[in-house]
Amino acid sequence: MEPRAAAAGEPEPPAASSSFQARLWKNLQLGVGRSKGGGGGRAGGPERRTADTPSPSPPPPVGTGNAPARGSGAGSRWSGFKKRKQVLDRVFSSSQPNLCCSSPEPLEPGGAGRAEQGSTLRRRIREHLLPAVKGPAAASGAAGGTPPGGRSPDSAPSSSSASSSLSSSPQPPPRGDRARDEGARRQGPGAHLCHQKSSSLPGTACLEQLLEPPPPPAEPARSPAESRAPETGEEHGSSQKIINTAGTSNAEVPLADPGMYQLDITLRRGQSLAARDRGGTSDPYVKFKIGGKEVFRSKIIHKNLNPVWEEKACILVDHLREPLYIKVFDYDFGLQDDFMGSAFLDLTQLELNRPTDVTLTLKDPHYPDHDLGIILLSVILTPKEGESRDVTMLMRKSWKRSSKELSENEVVGSYFSVKSLFWRTCGRPALPVLGFCRAELQNPYCKNVQFQTQSLRLSDLHRKSHLWRGIVSITLIEGRDLKAMDSNGLSDPYVKFRLGHQKYKSKIMPKTLNPQWREQFDFHLYEERGGVIDITAWDKDAGKRDDFIGRCQVDLSALSREQTHKLELQLEEGEGHLVLLVTLTASATVSISDLSVNSLEDQKEREEILKRYSPLRIFHNLKDVGFLQVKVIRAEGLMAADVTGKSDPFCVVELNNDRLLTHTVYKNLNPEWNKVFTFNIKDIHSVLEVTVYDEDRDRSADFLGKVAIPLLSIQNGEQKAYVLKNKQLTGPTKGVIYLEIDVIFNAVKASLRTLIPKEQKYIEEENRLSKQLLLRNFIRMKRCVMVLVNAAYYVNSCFDWDSPPRSLAAFVLFLFVVWNFELYMIPLVLLLLLTWNYFLIISGKDNRQRDTVVEDMLEDEEEEDDKDDKDSEKKGFINKIYAIQEVCVSVQNILDEVASFGERIKNTFNWTVPFLSWLAIVALCVFTAILYCIPLRYIVLVWGINKFTKKLRSPYAIDNNELLDFLSRVPSDVQVVQYQELKPDPSHSPYKRKKNNLG
């Protein structure tokens with residue numbers, strides 16, 4: 001048991017809290033050194049510490065032996081609590097905007113006895129946290145302390161404009177605790193700080209401790225001369241002074257949370273500027289810079305050392321970390337302008353939504369002693385996102401610092417600061433905040449090492465991605481009619497996205513008002529309600545600050561989950577639109593659907609789906625072609641992407657522009673997802689793409705494998721093992737994924753949908769110049785052309801009678817065809833060719849050969865891609881020869897299109913896709929009958945009338961060619977190779993796995 005203090009006469013505190021008391025005592029002493037010249041109230045109380053007063057020695061360690069039982073010993077032992085009592089009151093009350101700093105109580109002879117009342121740490125903490133409204137506090141108020149209202153007698157009344165004198169040196173202002181310490185030294189004991197800035201205990205300053213970096217090492221104690229230096233008074237602008245207002249203030253301190261702020265600056269005038277011309281005058285003008293980029297330039301006032309500008313500038317800033325840099329120059333015609341001085345304005349010291357008059361002293365870093373005059377400004381800082389902040393994100397930010405860098409009281413202080421900020425944001429009274437603080441101190445985790453362990457675990461949990469409530473996938477498609485920001489009537493636009501602390505930036509599209517981005521970004525949702533995504537469009541300017549084009553927002557709570565939404569957003573404060581695709585996908589905590597809950601397993605739902613796509617409902621919603629259900633079961637033998645030999649795999653399922661994700665299975669090479677995805681089929685010729693990625697918190701996800709499955713090749717209800725392929729789908733990679741897919745569709749709707757343009761996929765891999773790809777496309781085109789060349793050689797050989805029997809047969813056939821030719825014979829010949837190849841296939845005489853040439857070319861291309869990736873990492877500056885590259889890429893793509901066209905015609909007659917070949921047979925039969933029954937002149941007449949009147953009947957109809965649309969559904973030889981299924985390893989067979997389990 002711990003010895004009792006004689007003067008206190010209280011029950012003994014528990015032994016478990018003794019170590020915490022000792023640490024709290026030590027931290028209170030450290031807080032004294034950090035809070036010199038702090039808070040309001042009267043200075044020089046009987047026990048008040050100044051820079052001249054040394055800190056008392058720490059109390060002796062608590063043990064099991066006897067301790068001195070004198071009243072003086074007890075009083076000195078717990079004097080730290082009494083001296084910091086109202087400091088604690090000020091700290092916790094500072095979270096309420098209508099509370100003021102209370103003055104310290106005078107110590108009375110009986111004060112030690114009152115401080116020692118209570119038997120536990122909880123009792124003592126309650127006494128220090130609850131504001132005293134009677135007794136000593138009232139007495140101190142009556143004796144000349146802080147009067148009602150919270151202001152000391154010498155404090156000036158606060159004004160609405162908060163006029164302040166801010167003089168700056170060219171060096172950036174200090175940040176964090178060091179800035180507060182320096183401000184305390186300059187202001188001295190008589191200065192009065194705003195209550196939001198009180199920082200008596202390390203780690204308990206409500207907002208700075210939450211949002212600022214860790215404090216630097218403690219500076220050496222200052223001499224009495226140094227501590228008295230600020231009291232002698234300062235010349236105007238001789239040193240940097242932090243903005244402070246006396247008394248109570250309802251203005252909010254700007255948060256360091258990343259966000260959009262509007263800075264309205266009125267450049268009023270200059271006084272006593274430096275003369276730079278021979279006549280003893282100057283032609284001054286002012287530049288504003290943020291982040292090294294110019295954001296404003298004033299007009300030139302000729303021959304004046306006291307210029308009056310009265311110019312206004314509106315600046316949008318992303319964050320408040322960068323100060324505003326003000327530079328003054330003297331304009332010289334034909335020569336370099338002369339420098340007249342500069343100053344910094346720290347944006348973090350400005351109060352929100354409150355006009356502030358600022359006086360800046362100009363300095364030259366090369367000649368710091370020269371008097372260069374002053375600049376007068378009026379500044380208003382306004383948050384663009386409003387006053388409400390995401391409390392969840394602020395709490396997450398408070399745990400970013402490692403527990404190795406935080407002492408115990410800093411963890412407690414930051415935790416208190418977050419909760420204080422929460423109650424302040426909600427506008428609740430002070431009592432619930434104090435109640436929370438008491439409850440937290442009673443928590444057993446506040447004891448010894450257990451608290452640090454718990455804080456470390458909580459920090460890790462907040463950083464873990466399995467706390468996501470979902471994933472927001474945003475596809476930035478294009479911009480339309482954006483505002484021209486450059487002198488040439490164009491812009492170089494890019495877009496920024498922000499959701500909480502997550503930010504993304506798109507690529508820059510040079511010199512266009514209708515950019516095509518086609519980029520995709522993923523955000524993590526930490527709230528059930530979703531949140532709001534802030535979107536801003538900017539114009540890139542070299543050497544200057546980027547111009548603001550416009551902004552818009554997406555409220556995720558208004559969007560339904562598991563669906564892809566196409567949004568056309570009007571830019572506010574600007575011109576133009578942004579076109580986005582937004583998909584909300586649930587995470588593991590709110591699953592898409594488990595294997596036990598899916599549509600096709602329920603017999604009633606299955607019958608309803610079959611009825612919806614029955615042949616009787618042909619003309620009901622022609623765009624709804626079918627229903628697709630994908631069961632993502634598991635994967636085995638995935639590639640290890642982390643240094644630990646494991647991966648954090650998740651699966652992405654894509655059908656055209658619909659994109660859904662599974663949850664992440666951590667530290668596993670054989671993950672089991674057991675999720676069911678459902679899609680509405682708009683085109684039966686679409687390809688289902690299933691990609692496995694490794695999640696990486698610090699950078700983009702790593703590719704593990706991919707498989708592409710045409711919907712028409714799917715066998716319903718069969719669990720199948722698909723070997724994962726590389727990014728180009730040209731060769732296998734490590735791992736197998738098990739899928740079970742069901743497709744239900746209406747054949748008539750699918751056939752009609754085949755004859756209209758296919759849906760464009762917005763996210764496609766950007767083409768790049770590749771020597772091997774260019775060679776491959778040239779060879780493909782050459783093979784198609786050689787078919788026609790060989791046919792011409794064959795006909796010419798018949799004319800030359802190289803083989804008399806063959807030439808004679810060709811001559812007789814020519815006479816017969818020309819004599820009896822009718823137009824319907826053209827589709828009839830094609831029909832006979834299709835029928836002939838079909839009978840060859842079903843009879844087992846398949847003349848289709850595996851295209852090994854194309855496969856070899858794809859393998860060579862894959863090797864070259866790997867080399868290009870390595871070269872691109874070494875040569876990040878490859879921006880040369882862009883014009884030649886664009887031309888070569890265009891030629892490369894044209895060769896690809898021509899070669900693909902010829903290959904699609906060949907594959908149509910080869911029955912590569914039986915559905916399309918049967919559709920071609922039906923179409924050719926109909927076309928043959930029409931040509932047989934109707935004269936050609938009437939067919940041509942109907943065709944011409946249709947073409948001439950199409951725009952009159954449907955002004956916005958898309959001009960298309962049905963034959964080309966049909967051929968676009970037929971895969972080329974490259975796609976045939978990509979869609980081929982690889983034979984899995986027999987060890988991965990699900991049936992063998994079950995047999996082994998049974999055995």
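Each residue, glycine too, has its Cβ placed from N, Cα and C.
Residues annotated as Ca(2+) 3 binding site in Swiss-Prot, with sequence analysis given as evidence: Asp486, Asp492, Asp539, Asp541. Residues or ranges marked as Ca(2+) 6 binding site in Swiss-Prot: Asp642, Asp694, Asp696, Asp702. Marked as compositional bias 'Low complexity' by Swiss-Prot: 1-19, 65-79, 131-141, 149-169. Per Swiss-Prot, the feature compositional bias 'Gly residues' maps to 34-44. Feature annotation from Swiss-Prot assigns compositional bias 'Polar residues' to 92-101. The compositional bias 'Basic and acidic residues' annotation in Swiss-Prot covers 175-185, 228-238. Look at Swiss-Prot and you will find 242-360 tagged as domain 'C2 1'. Residues or ranges marked as domain 'C2 2' by Swiss-Prot: 452-569.
Excluding the listed site residues Asp486, Asp492, Asp539, Asp541, the same chain places Met485, Leu490, Ser491, Pro493, Lys540, Asp546, Asp547 with Cβ atoms within 8 Å of the centre of the Ca(2+) 3 site Cβ atoms. Taken together, the residues in the domain 'C2 1' (242-360) have a mean pLDDT of 80 on the 0 to 100 scale. Taking the centre of the Cβ atoms of Asp642, Asp694, Asp696, Asp702 as the Ca(2+) 6 site, the nearby residues of that chain (Cβ within 8 Å, site residues left out) are Ala641, Ser647, Asp648, Tyr693, Glu695, Ala701. Helix, strand and coil residue tallies for the domain 'C2 2' (452-569), in that order: 18 helix, 56 strand, 44 coil [DSSP]. Asp702 (Ca(2+) 6 binding site) falls within a strand segment according to DSSP. Looking at Asp541 (Ca(2+) 3 binding site) and Asp696 (Ca(2+) 6 binding site), their Cα atoms lie 32 Å from each other. Asp694 (Ca(2+) 6 binding site) falls within a strand segment according to DSSP. Within 10 Å of the C-beta of Asp696 (Ca(2+) 6 binding site) there are 14 other C-beta atoms, taking all protein chains into account.
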